[in-house]
């Protein structure tokens, strides 16, 4: 019968060195909080029970745990450590959330080691069960050339087995020189752990219940103690302040980018490319410098992203090109082109082979296949059919100061530059609009819509009103002459409007 496994994630600390109103475990890197990274790794073990121990700002951390419970699709019990009395006490609180008759392996990890992955936890469990006689405790260790801040692994001189873990504050000078250190990740036999926790005391420099003392208790009881040595120490590096967090974020990103490159993605400049862990990329995607792919962004085969592009929760179809664009919660169809300097706000859907060009902003807009919005246009709360073309400097006027309304433009529509769509309004299939048209009423299919009065030219206006200027001289050279026979109404026009 397979051995049951429970995972206890410690997330109760205050994290004062972050100097933040946000709990330490809710600071983010790679698109997830540190807590989320830890729970994702724990879930990969497929434990029978998953417990998070909360304490500082427990309500806020508890809400985050509940959200992750839905995201991971598995129950996560919450145990509360009201008084921060050391790691031993925290694990004791965690065990209280398990069934009283639970038998098996208890994995203990921390919520501030975001690079720890499920494979490492699997390896720890395998090591814990590797000998015929089950281990009471298996400790994950690593070698730290600069071991400051870590508990030291003290081994027996005659056989090299672990004798105890000594916290730095309690270490002798000789023990402080040891470079093998405790990673803070353990596998315990559940029955032994319950017994050992009851034997802990606070007779130490910190006045706390150390979980590490369980190792010494096991050794004194003659119970087996194993060690699993981790070569990749970055996986268990903690983030206690923002400097450490930024370093871990950079290391996580480096690993993420390199993994995608090995999977067939071209990243022209890895040093300026940031990819969240929730992003998915198909093979033969090309990413140019200065790109951020965030959240759950997904990019299809042969798409080209960048340079200087940020996409958050955006789906990009095969063969699309997205250049110098900022987009969020949008969909870009296969073969579409976007940019440069486009802004895709939430709810934008661009169909296959469509185009959003320079200085185009879209929001809550469904734009059909092969439709082009080439430049200098705002498209908000709109539906545009296939094979249409929206002229430059057009605006979908969707807000009347109280409510937003929708514009519907059909297929094969051609609109002149500077068309204003005053919503709610509909433009039928195959319709045209003249340049500068303000659409306040529906346009039937196949119609040409124009608006505005007849153009009037007032001859000689510059010479009369701007004499001696370069414009007047240029006009004179072009053969224009002062006109003295203006109609009285034209003079009034000048007085009332044009000169103003």
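The backbone N, Cα and C atoms fix where each Cβ goes, glycine too.
Feature annotations, courtesy of Swiss-Prot:
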type: REGION; residues: 1-242; note: region 'Pyrophosphorylase'
type: BINDING; residues: 10-13, 24, 81, 86-87, 151, 167, 182, 240, 345, 363, 378, 389; note: UDP-N-acetyl-alpha-D-glucosamine binding site
type: BINDING; residues: 112, 240; note: Mg(2+) binding site
type: REGION; residues: 243-263; note: region 'Linker'
type: REGION; residues: 264-500; note: region 'N-acetyltransferase'
type: ACT_SITE; residues: 375; note: active site, proton acceptor
type: BINDING; residues: 392, 398, 399, 417, 435; note: acetyl-CoA binding site
type: REGION; residues: 472-500; note: region 'Disordered'
type: COMPBIAS; residues: 482-500; note: compositional bias 'Basic and acidic residues'
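Positions of the features from Swiss-Prot, shown on the structure.
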residue	record	Cβ within 10 Å
12	UDP-N-acetyl-alpha-D-glucosamine binding site	28
24	UDP-N-acetyl-alpha-D-glucosamine binding site	26
112	Mg(2+) binding site	26
182	UDP-N-acetyl-alpha-D-glucosamine binding site	25
240	Mg(2+) binding site	15
375	active site, proton acceptor	19
392	acetyl-CoA binding site	19
398	acetyl-CoA binding site	22
399	acetyl-CoA binding site	12
417	acetyl-CoA binding site	17
Minimum Cα separation from residue 151 (UDP-N-acetyl-alpha-D-glucosamine binding site), reported as the residue among binding-site residues 112, 392, 398, 435 that achieves it: 112
Tertiary contacts of the region 'Linker' (243-263) (same chain, 6+ residues out, Cβ under 8 Å): 18, 27, 29-30, 114-115, 234, 237, 270, 273-277, 281, 283
Residues of the region 'Linker' (243-263) by DSSP state, where helix covers H, G and I: 20 helix, 0 strand, 1 coil
From binding-site residues 86, 182, 345, the one whose Cα lies nearest residue 417 (acetyl-CoA binding site): 345
Among 10, 435, which are binding-site residues, the residue with the most C-beta atoms within 10 angstroms of its C-beta: 10
Reported mean pLDDT - the region 'Linker' (243-263): 98
Residue 86 (UDP-N-acetyl-alpha-D-glucosamine binding site) and residue 112 (Mg(2+) binding site), Cα-Cα, nearest whole angstrom: 16
Cα-Cα distance maximum in Å, computed over every pair in 392, 398, 399, 417, 435 that the record assigns to acetyl-CoA: 22
Chain-internal residues near residue 86 (UDP-N-acetyl-alpha-D-glucosamine binding site), provided their CB is under 8 angstroms and they sit 6+ positions away: 202, 206, 208, 209, 210, 211
